[in-house]
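J.: Right, I'll just put the structure down here and ask away after.
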Amino acid sequence: MEKLNLVSLPHFVSVENLSAEEVEALINRAEYFKNGGATPRLTQPVYISNMFFEDSSRTHTSFEMAERKLGLTVIPFDPAHSSVNKGETLYDTSLIMDAVGVNIEVIRHSQNEYYQDLIHPKKHQHLNIGVINAGDGSGQHPSQCLLDMMTIHEHFGHFKGLKVAIVGDITNSRVAKSNMELLTRLGAEVYFSGPEYWYSSEYDKYGKYEKLDKLIPEMDVMMLLRVQHERHSDDPNEKNFDAQAYHEEYGINHKRYQELKPDTIIMHPGPINHDVELSGDLVESDKCMFTRQMQNGVFMRMAMIEAVLRGRKLGGLN
C-alpha cells in the first residue's frame, strides 16, 4: 500500500516556506477529503478557537466547518466582548487561551505579521499554542491561496505554463501577495492589471503589468480582486473612485467574458462587488469558480488543520 505524503507543521502562517511537494501534498489531501475520504481518527480531544479581529463570513464559516468535520471542539471567541477592548495584547489573549487548554487558534488580524510574537516567544515567555493565519492585514492569506491552487489544479491538472492574470486592488490584497509568489514557484506565468496606482514595481519580479484588454484573450485564469475600500483611508484615489468607471476599464463585463478562451476560468476571493470587478449576472456563469472556491476552501482548511495537528502531535496524531 502506498504511503501517504502528509504535511506536518507546528504553525500554518504563510505559504512562502512551503515546498512545491508540500503544496502538492496539501492539494492531494484536500481532494481526498472532498472525494469522501476518511478523516483522521482522533484518540484525544483537540480544542480550537477562531479569533477573527476583522470582519469575515466565508473564511470564518469555512474554518469552523472544517474543524467540525475533523471532529475538533470549537471554543467560541468574540473579540467585541473580549478583554482586547480593555487593552489586552494579542499575546496575552493567546497566553490565556493556552492556559485554559485551547490547542490551536485560527486568527485574522489587521496587523501584518501579527503572528511573529506568537510563534517566536521571547526569552522567559512560555506560549505554546498552534497558530493558523486566517489573514494578516495586507500581508498573507495562506488558506485562500491554497484553496485557489486547489481550484486551478482541479480544473487544469497542472500549473506549469498556465497564464494567470491578477487584476484589481493588488497593493492592498493579501490574496494577491500569497498567490503571485506561489504561482510563480509552481511554474505559472503571472500577469497583472488594474489601476496603476494600486500596483507596485516590487511585483515585477513575479510577472508583467499589462492593460486588461490585452490579457483577456490569452489568459487561462482571471483572478479578480475586490476593491478594498476599508484599506483606503489614506489613499487620495479613494475619494475619486467611480464604480461604473472601474467596471468599464478593469471589470469583466459580457464583452470581455465572450473574448475569454473556452477553458478560461474566473476566480474571486470574495466578497464580490457586483458590477465592479464582475458583472453581477456573471457570478454564477460557467466560467466563474466563486462557489467552487468556497466549496474547496472547507477541504483545504481541513488539510491545513490536519497538518498542524500532526506537527503538534495533537489528537493522538503524529
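Glycine residues also receive a Cβ, built from the backbone N, Cα and C atoms like all the rest.
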J.: Swiss-Prot has ARG58, THR59, HIS141, GLN144, GLY270, PRO271 binding carbamoyl phosphate. Which one of ARG29, ARG108, ARG292 is in the same site?
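T.: My reading of Swiss-Prot gives ARG108 as the candidate in that site.
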J.: Taking only C-alpha atoms and a 10 A limit, tell me which of LYS86, ARG174, ARG226 are near GLY270 (carbamoyl phosphate binding site). These are the binding-site residues.
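T.: Final answer, ordered: ARG226.
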J.: Hey, how far is GLN144 (carbamoyl phosphate binding site) from ARG174 (L-aspartate binding site), Cα to Cα, in Å?
T.: 9
J.: Could you check which of these binding-site residues, ARG58, ARG108, HIS141, sit within 10 Å of ARG174 (L-aspartate binding site), going Cα to Cα?
T.: HIS141
J.: Using a 10 Å cut-off on Cβ-Cβ distances across all protein chains shown, tell me which of the binding-site residues (ARG58, LYS86, ARG108, ARG226) has the largest neighbour count.
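T.: The residue with the densest Cβ neighbourhood is ARG108.
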J.: Please report the Cα separation of LYS86 (L-aspartate binding site) and ARG108 (carbamoyl phosphate binding site) in Å, rounded to an integer.
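T.: With distance taken Cα to Cα, ARG108 (carbamoyl phosphate binding site) is 19 Å from LYS86 (L-aspartate binding site).
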J.: According to DSSP, which of helix, strand or coil covers PRO271 (carbamoyl phosphate binding site)?
T.: coil
